[in-house]
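Feature list (source: TrEMBL):
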type    : residues                   : note
BINDING : Thr54, Asp56, Asp69, Gln88 : Mg(2+) binding site
SITE    : Lys71                      : site 'Transition state stabilizer'
Amino acid sequence: MSLEEALNESNVYYETQGLAVVHKKPTPIRIVKVDYPKRSAAVIKEAYFSTASTTDYNGVYRGHYLDFDAKETRNKTAFPLKNFHQHQIDHLRACTAQGGICFAIIKFVAHDEIYLYPAQELFTFWDAQVAGGRKSIPYDEIQDHGVLITPQIQPLIPYLKAVDQLLN
């Protein structure tokens, strides 16, 4: 199961338990050409991204706006910043400036570990990269400043426990 699939299932659990309302945002596309082989079976033949997507998820938890992205890497020693785009960082900064709780959920596939990494920490490395610094966040940095999320049965990825640590 992919990280996003596990997060989607976790979000369904959180919502059905009345704990949070968090949804995956759809990727904005513009449909150009559709074929209708049958009246009930439309097939999209051509489409393109209409605007740059922001982050993967947003919602509300305990009266706080949440906005975050989910990323996976097979890299053992660092998380490559090329997994983010400038417009995503800009969006996270704007949400943070409005008091939102923003972060990335990063899965290190090689270590079978998942971390919640606060946006403020991400901004530090992003800004350094833009200024000519390293193009990744070291694994040990994420271990030190992120919150390890231990998967369980329900919810699969209990990331709200990590969010609670950010709130306290």
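Just so you know, glycine gets a Cβ as well, placed from its N, Cα and C.
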Could you name the residues, excluding Thr54, Asp56, Asp69, Gln88, of the same chain that surround the Mg(2+) site, i.e. Cβ within 8 Å of the Cβ centre of those residues, in sequence order?
Lys25, Ser53, Thr55, Tyr57, Asp67, Phe68, Phe84, His91, Leu92
Drop a 10 Å sphere on every Cβ of the binding-site residues Asp56, Asp69 and tell me which sphere holds the fewest other Cβ atoms.
Asp56
Where Thr54 (Mg(2+) binding site) and Lys71 (site 'Transition state stabilizer') are concerned, what is their Cα separation in Å, rounded?
13
Cβ-Cβ under 8 Å from Lys71 (site 'Transition state stabilizer'), same chain, 6 or more residues apart: which ones?
Leu3, Phe79, Asn83, Phe84, Ala104, Ile105, Ile106, Lys107
Three-state secondary structure, which DSSP defines for Lys71 (site 'Transition state stabilizer'):
strand
